[in-house]
Amino acid sequence: MASMSVDPVTEPRMYQQTLLQDGLCDLLDANKFVDCILKIKDKEFPCHRLVLAATSPYFKAMFLSDLEESKKREIVLKDIEPGVMGMILRYIYTSDINLTEQNVQDIFMAANMYQIPSIFSVCVSYLQQKLVLSNCLAIFRLGLLLDCPRLAMEARDFICDRYLLIIRDQDFHQLGPSELAAIITCDSLNVEREESVFESLMDWVEYDTDERTKELPELLHCVRFRLMPTSYFKEKVEGHRLIRTNQELKKELQLIKDAQKGLLHRVKRSSHRKEGKSAEFESDDDDEDGLLPGILNDNPRFGMFQSDLILMINDAGTVAYDVGANECFVASSSTEIPKNHCSLVTKENQIFVVGGLRYNEENKDQPFSSYFLQFDPMSSEWLGMPSLPNPRCLFGLVEAENSIYVVGGKELKEGERALDSVMIYDRQSFKWGESDPLPYAVYGHGIVSHKGLVYVIGGKTESKKCLRRVCVYDPSKFEWKDLAPMKTARSLFGTAVHKNKIYVVTGVTDNGLTSTVEVYDIASNSWSEFVDFPQERSSLNLVELGGFLYAIGGFAMMPNETTEKLEPTEMNDIWKFDEEENCWNGILREIRYAAGATVLGVRLNTLRLTKI
């Protein structure tokens, strides 16, 4: 008989612990050796003193003391509900507890009050896993209240990562001064501009001006004014109504103005700042070992390492390219991106992918749909969203008025009928619905949004003829309107908004590929010719990034290496338009990550990314 490997330490110990706990539970169920009854309101809980003392320092101290309770069989407990104590005792005897969002806070506080570390730790782990935007501030405050650094720091890190979303929540205004300070002093705050920190602080103060103005002298030391533009500091900070009339605050801000002129003051080590009074200062030369006051802190925040990147998304992974540094980063190694997808970056820099074919056998009425994914820069993962009904390809994807539009395209089924339908995803209700259809069926078109309006450009009709047609949709009026047509009918081209104009680059015409470029002036509703792209292409990616236009990839007709016959060939290069020289300049001959990818111009924090 084959011998079984047994850890001589771990397995017997675990077996003994289980045996002991099961035995104690059996004794309790049989009401054997019960020597203690916990009475809470009208509910009684029989138990064993030895078990309580072994589990809780609170009960151990009670039973070993000379207090009256140490001799009583019946112990009355207050400040706890019977249901909560019942769950705690169940855990003590069985290691089983059913935590929910409704009961976890009561159990957590009871575990803290009665010093039961095992339940305390279980509650901490549960709350860490349940951190979301709607509860992170409450969990942070709870961690501070119960003196639990592990929970408070986890919640604070979550808040710092999503600070610009958190400050919109009404709970933000309920933070106490010390709680707010603990957040906005962090280097890990995910903000690109320090102005956001100052504005959120003043918003918090103005929620209860009478009570909170007195907290400003201390809280202003959490803001890094030296990271702000001088013009903003002068106009918005010094000019703020709560600051310009306060002499104490003006004295504090004088330190910033001195620092802007190159004079840094340091706090004397021997001095102690008292509430409501300024610290004593001396010049840098007088005290080399002095400390800079907090108000002069100029360390960049975590979010200030955001960079303009070209993001390439395909089924092999997601890679970001930094044009200025000529460096590539892995944004996500996920290979779950569907083929034939479209991608979108919103004005809030949120990244989405729609496309592919998804089969759900449980949905008998509509088993086929398309994938809908959102990129989470915190985890570097693509998160599943409600799938798109009515799967399609060669459609347009755009955002306007906080909704995502899927416009036109071709059906992903036999016949591949061109579509005029428009699907809309409401980011408030998290649901797909139908919007007003296009005036005509179209696929392979270009689509952009600008100032809340959706522009549909060119494409092909059911008859496979290229279009010059351009129309605009106004979500506030629920109507489509025709605009001036393009000069050249085309489909499968690159398009982007740049300096309030819409650029259309290369594409497919009824006669083949084209290298022509034209520009639509939104203000005058007119088209004009532009500098041709250096090569005829289709499916070129055009992005606006950091005030410049970049053209990436696409397909060109290139000679076969053996037959010299022209064949469609995928290009993986990057071009940039030079406005001073008025020409397209190649900046990278080949970037393999662009193969089969959709391309976006985004801003991501390179500290989160893995450099290739």
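Cβ from N, Cα, C; glycine included.
Swiss-Prot lists 34-101 with the feature domain 'BTB'. Among the features that Swiss-Prot reports, domain 'BACK' is placed at 136-238. Taken from Swiss-Prot, the feature compositional bias 'Basic residues' applies to 266-275. Here Swiss-Prot flags 266-290 as region 'Disordered'. As annotated by Swiss-Prot, compositional bias 'Acidic residues' applies to 281-290. Annotation comment: Swiss-Prot describes 350-402 as repeat 'Kelch 1'. Marked as repeat 'Kelch 2' by Swiss-Prot: 403-452. According to Swiss-Prot, the repeat 'Kelch 3' annotation covers 453-500. Residues or ranges marked as repeat 'Kelch 4' in Swiss-Prot: 502-547. Taken from Swiss-Prot, the feature repeat 'Kelch 5' applies to 549-604.
Confidence over the repeat 'Kelch 5' (549-604), given as mean pLDDT on the 0 to 100 scale, stands at 92.
Helix, strand and coil content of the repeat 'Kelch 3' (453-500), in residues and according to DSSP, is 0 helix, 24 strand, 24 coil. Sorting each residue of the domain 'BTB' (34-101) by its DSSP state yields 31 helix, 13 strand, 24 coil.
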